[in-house]
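*Asks:* Quick one: structure below, then a few questions.
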Ligand SMILES: Cc1cn([C@H]2C[C@H](O)[C@@H](COP(=O)(O)OP(=O)(O)OP(=O)(O)O)O2)c(=O)[nH]c1=O
């Protein structure tokens, strides 16, 4: 039986995989997460997910590795995690009162095969006051999150509606991921 490894330092991804009652451990990758704005969002997230999973696979070739990457796309621009308050403010101003798309790419790698896929969720933001943005940035929540918000936290107060998988926005499209893992099922241990 092969061990399952989540190649992610994201506490949200860990929590979601625990919710699926899978037995897994964590090994984080240290790959360069830069991307080219000329690539499409689905290409970017699948490539980055594969890059993260491959990096961990090199150290654990006898395991099954899951890597993931989440970005926000608005008006043809791709938003990753903000580097500072200024960038967080710019991103939240861009998202205010508009629809954007959240893409998460997932890659699953074993020595037998590699599978990658992505999910897209449309998120509609309410118009934001400058004071909403300032106090949200003050909460510290935006800094480790694509598009500078977390739908699972205070960022929920900005969301009017979504179309698509909620868990995809949080960083891992759970049902799809577990379904795709079934193709590796003979290899994976489940919790008692
Ligand atoms: C839009 C959105 C993103 N996010 C998070 C999910 C991801 O953790 C993060 C995007 O950054 P990622 O680079 O996808 O992931 P990460 O750096 O947190 O972890 P790792 O690379 O080790 O796997 O944004 C939320 O938690 N809530 C949200 O509503």
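Positions of Cβ are set from backbone N, Cα and C atoms, glycine also.
Sharing the record's features from TrEMBL:
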- 69: active site, proton acceptor (ACT_SITE)
- 12: site 'Important for substrate specificity' (SITE)
- 70: site 'Important for substrate specificity' (SITE)
- 152: site 'Important for substrate specificity' (SITE)
*Asks:* Tell me the Cα distance separating residue 152 (site 'Important for substrate specificity') from residue 69 (active site, proton acceptor), rounded to the nearest angstrom.
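*Replies:* Between the alpha carbons of residue 69 (active site, proton acceptor) and residue 152 (site 'Important for substrate specificity') there are 17 Å.
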*Asks:* I need the CA-to-CA distance for residue 12 (site 'Important for substrate specificity') versus residue 152 (site 'Important for substrate specificity'), whole Å please.
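*Replies:* About 9 Å separate the Cα atoms of these two residues.
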*Asks:* Quick one: Cα separation, residue 70 (site 'Important for substrate specificity') versus residue 152 (site 'Important for substrate specificity'), in Å?
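*Replies:* The Cα atom of residue 70 (site 'Important for substrate specificity') is 14 Å away from the Cα atom of residue 152 (site 'Important for substrate specificity').
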*Asks:* What same-chain residues, at least 6 away in sequence, bring their CB to under 8 Å of the CB of residue 152 (site 'Important for substrate specificity')?
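*Replies:* Listed in sequence order: 12, 170.
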*Asks:* Under DSSP, is residue 12 (site 'Important for substrate specificity') part of a helix or a strand, or is it coil?
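*Replies:* The residue in question, residue 12 (site 'Important for substrate specificity'), is helix (DSSP, three-state).
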*Asks:* Using DSSP and collapsing to three states, where does the residue listed as 'active site, proton acceptor' fall: helix, strand or coil?
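*Replies:* The residue listed as 'active site, proton acceptor' sits in a strand per DSSP.
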